[in-house]
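Encoded as structure tokens, the structure appears first; notes follow it.
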Amino acid sequence: MENIGEQVVCLIAYHLLFAMFVWSYWKTIFTLPMNPSKEFHLSYAEKELLEREPRGEAHQEVLRRAAKDLPIYTRTMSGAIRYCDRCQLIKPDRCHHCSVCDKCILKMDHHCPWVNNCVGFSNYKFFLLFLAYSLLYCVFIAATDLQYFIKFWTNGLPDTQAKFHIMFLFFAAAMFSVSLSSLFGYHCWLVSKNKSTLEAFRSPVFRHGTDKNGFSLGFGKNMRQVFGDEKRYWLLPVFSSLGDGCSFPTCLVNQDPEQPSTPAGLNSTSKNSENHQFPAKPLRESQSHLLTDSQSWSEISTNPGKGKTGMSNPALTMENET
């Protein structure tokens, strides 16, 4: 590469990709996984009562009473309330206990040994960007090294040890590009379907039964749950995901008779073209980004000028879930 302009462009592109790769990798590693809020922890009296009750219907009745005001729509395979004995809390939807971290993680995707951290609600966007920028970084290196790799086999390079460095660099970048492209493509598919890795292997169970697409709201809303409403932040490793990680909108939740229904006088409609219905908000007024978004994520009243929020919303290894 002899042209000065090409060299400058390549240097800028290289350092930009490298900086974004390191930034997103750093955020993925050092962002602490979020845990369930205090509403999901049992009180001291409830813990004592639970310890006295044997496993069975009486045990479940205690949990049902504790969970009656919580936005919980998923169940165990047997239809019971999802409870963590280790953390002594009622698990929010999409929350799982990580055996490596020894704590419950909101919207847990998997525990990643490459970042030595649990990937969940708080850092899933950073993990996706880490995969994206590492893939672009490897593709860029392989592409810029390709011409010298060809010269290596056609004896067009000087006979120095640098020849073997070029060959190693190309093979390493190319192999990482292939593996990263498959992993990044898989997680893009998960985002489009609003699934976690755990949910892809084991579909969530609702009161009416198992549904693999129970949390899917359509491609556009699924994307915004992870990346947020403001597109200027989508490519930056800064937190912009919607919600609080403890509850999620679902098109199936209104079929659960144990959960609060939409208050009388509200006509649950969505303002965007996807026209999905959202559940009523069973908890107190939330600080959630989803609840404060007046354009795409709210329900409106049929009375003019009286809009109300109609949704409560926040948040690999299979052996890490208990």
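Every residue gets a Cβ built from N, Cα and C, even glycine.
Look at TrEMBL and you will find 253-276 (among others) tagged as compositional bias 'Polar residues'.
Per TrEMBL, the feature compositional bias 'Polar residues' maps to 288-315 (among others).
The annotation domain 'Palmitoyltransferase DHHC' is assigned in TrEMBL to 81-202.
The region 'Disordered' annotation in TrEMBL covers 253-322.
According to TrEMBL, the transmembrane segment annotation covers 6-26 (among others). Outside the transmembrane segment (6-26), and at least 6 residues removed from its termini, the chain residues within Cβ reach (under 8 Å) are 115, 126, 129-130, 132-134, 136-137, 140-141, 144, 235, 237.
With a cut-off of 8 Å between Cβ atoms, the residues of this chain six or more beyond the transmembrane segment (126-144) that come close are 1, 10, 13-14, 17-18, 20-21, 24-25, 27-28, 31, 109, 112, 115, 119, 169-170, 173-174, 176-177, 180-181, 183-184, 187-188, 191, 226, 235-237, 239. The transmembrane segment annotation in TrEMBL covers 126-144 (among others).
The list of residues near the transmembrane segment (164-186) in space but at least 6 beyond its ends in sequence, with Cβ under 8 angstroms from a Cβ of it, reads 128, 131-132, 134-135, 138-139, 141-142, 145-146, 148-149, 152, 157. What TrEMBL lists as transmembrane segment is 164-186 (among others).
Counting residues of the domain 'Palmitoyltransferase DHHC' (81-202) by DSSP class, helix then strand then coil, yields 67 helix, 16 strand, 39 coil.
On the 0 to 100 pLDDT scale, the domain 'Palmitoyltransferase DHHC' (81-202) averages 92 in this prediction.
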